[in-house]
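Student: Quick one: this structure, given as structure tokens, is what I'll be asking you about.
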């Protein structure tokens, strides 16, 4: 019986590409089978009374069944025998288009949707093939014989299964699609307005940058194109970061410097690190959130009212941190990096891989997409209405892949951001492979619990379960694995730069930003128990609770914050210029102003005291080998950098 189930599924899967019009299937994509990962089975006696009523009729014979959310998938989803790949499956709690084709002519049909206990949830009339959704750019239809219906999101839960009933027939075999659990992604937009950027000298409205142009139509398309139950594009809790200058770190051949115009060649250099620190300090780096910083950088040497200097974008792969010029194509490209995606072109050619299955970083071999917001399919071929419909040679080093008829395939957004879509489409189409990798990234992150005061992670059964983070490795890397410990509280975000070499203008506090949100844990520098917890002396064999907190790179500085009501807060600044695991030994080049070892950067998200008084003064205190100091010594330490507000 097990063998026959698998054989039936493989027969169905083998015909899906012909139904979809995709004529290049020489990929390493495989169709999954098995009882728990999407299956086609014969009816049992528990299905439903509806099915028992027509049991005397001949069963409906299906040629294929597919499901579409962001992509059109076989019941078992898709997987790849490649390094670092994911599994692309349907997700719970999302409207799902079901597509059915038959072995014989039918006049009418319905799909019956059941829960995991075989209780009927919905009976949906299937629309005729003539009513199938169109294709982006008025391209060729996905199918000329597929019947379709939309399964509502409430019905899409673990164990859901369907049976199709053609007029005059009994129900088909049971089809059980593989489902990932409910997966959500939040994309946070944090505009960086630098060197005097304002609405008089930039080409965009700041309110639009705060949500990356996500009006209802754009937000709907963003959700539709991502393989998640929900995708939110929102303004970051910090709102906007504004500064008339940036501090560029030492380059190795030149010292740190204060940059005050985008005319400087290092005009955008510090931003990505700043975004990374924001992700880290707020605790977002552990969660299902990414941050994109649309950056407006003013070049004061430019004539005319608009003085922004253009550039591309950057991200730390898999970190959740990204930045770039404000465009939806770059949001998808740099956001893709933040979600763990490398460049598709290099991934397809990497001799250690490949890490991307389709030639030249293209969509040749990828499944069709489906945009439920626009109500159309998206072919892996370049849309006829694209300016790249007629394509020759290469694009950015990637050779255009073509069908035998000369049609060009799109490149994945991780190679070419947005040129091959219909002009009315907001976002490019990700390959099925990269969609699966993004699902894997989100499945490996925690999410906030429903009350927004704790966390959930996926357990071994694939269900969301409550999770309490613990500190590992004596806090050598993080306390409580850099999960937030305060939630939705009034908080001040503070960034500090400091040159150990005394480089002019390189030691600064950026203006603090008050926001309402989350923050990770910091050590109180004037609490004796806190100081004891980070004691890095392990010579006796005994270890403090957080003994490696300072052992990795030292703890030599303290942040002091004074509020308008006279109250103060002191926090240990983790990280200095000490040698790894030698917290009392300076690095060799710590006084060389051209060396990166001479430059320190910290970010702290500090919960405001009761009553939320405003910050009045910021100070960087000199507290070498901090764990050996007393609270009194910390409070009396010299201030190296002071900012009055």
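Cβ coordinates come from backbone N, Cα and C, glycine included.
From a predicted model like this one, the values you see are computed outputs, not experimental measurements.
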Student: Which stretch does Swiss-Prot mark as region 'Disordered', out of 19-55, 56-92?
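Tutor: The range carrying the region 'Disordered' annotation in Swiss-Prot is 19-55.
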Student: Using a 10 Å radius around each Cβ and all protein chains in view, which of these binding-site residues has the most neighbours: 333, 337, 343?
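Tutor: Answer by Cβ density within 10 Å: 333.
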Student: So which other residues, same chain and not among 333, 337, 343, have a Cβ within 8 Å of the centroid of the Cβ atoms at the Zn(2+) site?
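Tutor: Surrounding the site, in chain order, are 315, 317, 334, 336, 341, 342, 413, 414, 415.
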Student: Have a look around residue 334 (active site) and count the other CB atoms within 10 A of its CB, chains all included.
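Tutor: Other Cβ atoms within 10 Å of residue 334 (active site): 29.
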